[in-house]
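Note sheet for the following structure.
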Amino acid sequence: MKPLLVVFVFLFLWDPVLAGINSLSSEMHKKCYKNGICRLECYESEMLVAYCMFQLECCVKGNPAP
């Protein structure tokens, strides 16, 4: 009976955790500084120009002027 209670508590608390992750997915691929895109990590052909929320990187294609 006790393991069943633990499973129910875990499932009840898991929903707010997933809600927090969804805010991260809404920030990914969002437009940012100098027409860049927020990503987890910039590609080799892109340059990091700023940081977005949740430590995402704002990436711009090519090598833009400073």
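Numbering starts at 1 and runs along the chain as displayed.
Cβ atoms here come from the backbone N, Cα and C positions, even for glycine.
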C38 - recorded disulfide partner, Swiss-Prot, among C42, C52: C52
Cα proximity to C42 (disulfide bond), best match among disulfide-bonded residues C32, C52, C58: C58
C59 (disulfide bond) versus disulfide-bonded residues C32, C38, C52 - nearest by Cα: C38
